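These notes are about the structure you will find just below.
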Amino acid sequence: MEAAHLLPAADVLRHFSVTAEGGLSPAQVTGARERYGPNELPSEEGKSLWELVLEQFEDLLVRILLLAALVSFVLAWFEEGEETTTAFVEPLVIMLILVANAIVGVWQERNAESAIEALKEYEPEMGKVIRSDRKGVQRIRARDIVPGDIVEVAVGDKVPADLRLIEIKSTTLRVDQSILTGESVSVTKHTEAIPDPRAVNQDKKNMLFSGTNITSGKAVGVAVATGLHTELGKIRSQMAAVEPERTPLQRKLDEFGRQLSHAISVICVAVWVINIGHFADPAHGGSWLRGAVYYFKIAVALAVAAIPEGLPAVITTCLALGTRRMARKNAIVRSLPSVETLGCTSVICSDKTGTLTTNQMSVCRMFVVAEADAGSCLLHEFTISGTTYTPEGEVRQGDQPVRCGQFDGLVELATICALCNDSALDYNEAKGVYEKVGEATETALTCLVEKMNVFDTDLQALSRVERAGACNTVIKQLMRKEFTLEFSRDRKSMSVYCTPTRPHPTGQGSKMFVKGAPESVIERCSSVRVGSRTAPLTPTSREQILAKIRDWGSGSDTLRCLALATRDAPPRKEDMELDDCSKFVQYETDLTFVGCVGMLDPPRPEVAACITRCYQAGIRVVMITGDNKGTAVAICRRLGIFGDTEDVAGKAYTGREFDDLSPEQQRQACRTARCFARVEPAHKSRIVENLQSFNEITAMTGDGVNDAPALKKAEIGIAMGSGTAVAKSAAEMVLSDDNFASIVAAVEEGRAIYSNMKQFIRYLISSNVGEVVCIFLTAILGLPEALIPVQLLWVNLVTDGLPATALGFNPPDLDIMEKLPRSPREALISGWLFFRYLAIGVYVGLATVAAATWWFVYDAEGPHINFYQLRNFLKCSEDNPLFAGIDCEVFESRFPTTMALSVLVTIEMCNALNSVSENQSLLRMPPWMNPWLLVAVAMSMALHFLILLVPPLPLIFQVTPLSGRQWVVVLQISLPVILLDEALKYLSRNHMHEEMSQK
């Protein structure tokens, strides 16, 4: 049943043809079950393991590698001679890479499905219903409850379905619905109709929602929605409908894969076609088919060379290292790709409660009456420091600290705060923090009493556990609480009846202490406490007191105010009818006003500076809260989201104001707004959608079940460590300390990771370009193979992989949070940078071919043939006069490939040292600024010597040890790459940067 909150309870019962006393008949239950189904959230139909495995092979790069592996297997099968064993190494290594990637991918997918399943923890096992087939209340499985059932709930119960309240069987009914609405305090419910068709869930005070908890009271309601039709079920449907977006990095790598696949296809076909004339050369036994297969192998080698096989592993390692650094800053990342996405965040949509504020209600102001006569009323005003539940703080009047025990009014105010209170402070020894036990508002009063210490209790020798309630305990030893008149909506107050624990010198007897909404309490006051005496409360005094409270409640502070009062001569408790809550207001009359406290959920001290950093970094901060607009705007001003006098028109909206806008106006509002108040979960999702339509990268925080769809939809969903399992499962990141400052630290880390990632991706790609140029040149010029596929795999995965990973440890730029967020569409490599790394790659390719050629032509241990003979080596035979006196087996020597491989590895190590900074010279940013890079380079060179010297590795990699003279030549060919890159960096700093600035 939709909009049950609009109708009187009797009309809702009539709709279901049921009575509150009799309940549904068995026939009605059967009909409803057939119509609505069971009262449970269906399990998510996850993908099968096979489907998940197949998904991992949808990536274009992976498919190219898979094809290369399959072709290599086929070619290896037909190999002859000593290469039979080594031929299988290459396809096996590629397959191992693909299997490892698939395992990681499947594991991550399995984790992602837990968000929807986590919703089930909010479904109760059992429910209490009234049905006509049995007298009284019966317990049934919650899944068997149907719309129309009469359901009973009491304190401690989890609500089993969405209920329209029809009767409250206690003084009050309070419900913790924070998982659904995000409200930090429990909500008082009632049974009257709410004639507002656009009421948000927070305003539906006559409804109980499935999965929420009863914190006090007892009530009966009629089930109006079950299963997927409940508010919890709607959230489940929203989450199931959200398709996870690919991160900017994933999209860039997809695009890179497409471009690379096209380039590989063109180059491979070109190499094969260009060499058609050589298919029938004598080296192939005169067989055209064998020649075609030989050049097909070269084309496959080219594909292997062009694909940076180590890139997925290096990116994963870099992101994993980033997550460890973030975890040390209290940001726990659940999804690796989102680490990089943080770096291009342009909007942070943050909850107010607990993230921007401490979520620890704190009294920051109070007043008692100093003087009162017929014409005026003077107040003693005090400020209190401290923003958490830690019972430490200073009470000041003006600029001067005061001893509260010197003010009789403050002694009585502290007494009321301590006794008219059902909550307490507790020290959590495991966490090392003070925590509330009970309601946030009352805990703030308990904490205030500890700060005031009106009886000058010696607190020095106390442990923290004892300190939590020391001053409150002293007051409670003087007065004994007899009973409590609970809060009710009509009188907006609560009170306690107390008697002295020992005879008072003045003969003082029982008292009633009252706290509540100022207008309601002051209306029932006839006098006011001035020090230790009582004075009449005149209309002038009443108005001055209310004016001060209005000022506190509506100014820049928007404090939540509570009035405190005493009834000095209450009726005897035997004469009071405590079963009839309608009489409570009669007992809370003829009151004496004592004072007023103003409290707020204080902003976290470090947040204002973090918001300033966000603005410097070009990131817009938007507060989203369920609180009213006035409070939200006031907190925004305190935090610097709005200026002190800034006009907030068009920059702050309530959920209802937002709904009143046209779709296009809503889009524009999301582009300019910095505050949304009184919003529902659906608003959050719409805000994210609108921001995404402007290509904004949005980080969205949340902690409740209601936040899960928006967390899943946003590029970066951020859940609170204290939040629900559903929110954490739907989010990419969890803040263990619930602190906004941790988000900003994570964004900074994300930017640093992206900067480093660009360095190692370009480093790896320049290596691949060099390998492609090398193979392409040897094929075009008709030279012997300089590098074979298994060597290329070794370089791409191992020798290049270690320095590339170490580049992830590069120190971040000092101005990293002073730059605008980069566009998610910004290419990894484009324009000038593409030319730079193409130039380096071409040098790498030329150098490797030159090294192999040098051995054939110039090396003392080589055959000393000329370049023309080398180009025509495939025509070598005993009958060919061109090769007279030359052993044709020399073209199978391992020396030229070893020379080429050694030059490739050495140049790549030089490239790695050059990559500490994108544009800074090695003289300004030397390699030792990243010690891990030096270690990685040393390890890569050690591994290179390992394959040269330790059997059976030389056989597998087709290499052989080099002489000292040959190593000198390797260094002579390799080291100039440093000078080339320094020249390109110089141009980049002094010319390209100026051109980009002018643009």
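Backbone N, Cα and C define each Cβ position, glycine as well.
Record note: among 122-152, 370-400, 463-493, 680-710, 370-400 is the stretch given as region 'Interaction with phospholamban 1' by Swiss-Prot.
Ca(2+) 1 binding, as stated in Swiss-Prot, involves Asn768, Glu771, Thr799, Asp800; the candidate among Glu646, Glu657, Glu908, Glu918 given for that site is Glu908. Here the candidates are Ser662, Ser823, and Swiss-Prot annotates Ser662 as phosphoserine. Swiss-Prot assigns Ala292 and Val950 to topological domains of the same name, so the membrane does not separate them in that record. When secondary structure is read from DSSP and collapsed to three states, Thr799 (Ca(2+) 1 binding site) falls in the helix class. Under the DSSP three-state reduction, Glu771 (Ca(2+) 1 binding site) is assigned to helix. Taking all protein chains in view, 30 other C-beta atoms sit within 10 angstroms of the C-beta of Asp800 (Ca(2+) 1 binding site). Recorded residues Thr19 (phosphothreonine) and Glu771 (Ca(2+) 1 binding site) have their alpha carbons 82 Å apart, per Cα-Cα distance. For the binding-site residues shown (Arg489, Arg560, Arg678), fewest C-beta neighbours within 10 angstroms: Arg489. Summary of the Ca(2+) 1 site environment: with the site residues Asn768, Glu771, Thr799, Asp800, Glu908 set aside, the chain residues having Cβ atoms within 8 Å of the Cβ mean position are Leu764, Ser767, Gly770, Leu792, Val795, Asn796, Leu904, Val905. Cβ environment of Glu908 (Ca(2+) 1 binding site): Tyr763, Ser767, Val795, Thr799, Asp800, Pro803, Val844, Ser940 lie under 8 Å away, each six or more residues apart in the same chain. Neighbours of Thr353 (ATP binding site) among the recorded positions Ser17, Ser25, Thr415, Ser662, Asn768, defined as a Cα within 10 Å of its Cα, are absent: none qualifies. Only residues 6 or more beyond the boundaries of the topological domain 'Lumenal' (950-964), in the same chain, are considered here, and those with a CB under 8 A from a CB of the stretch are 86, 89, 788, 790-791, 794, 861, 894-895, 897-899, 901-902, 970.
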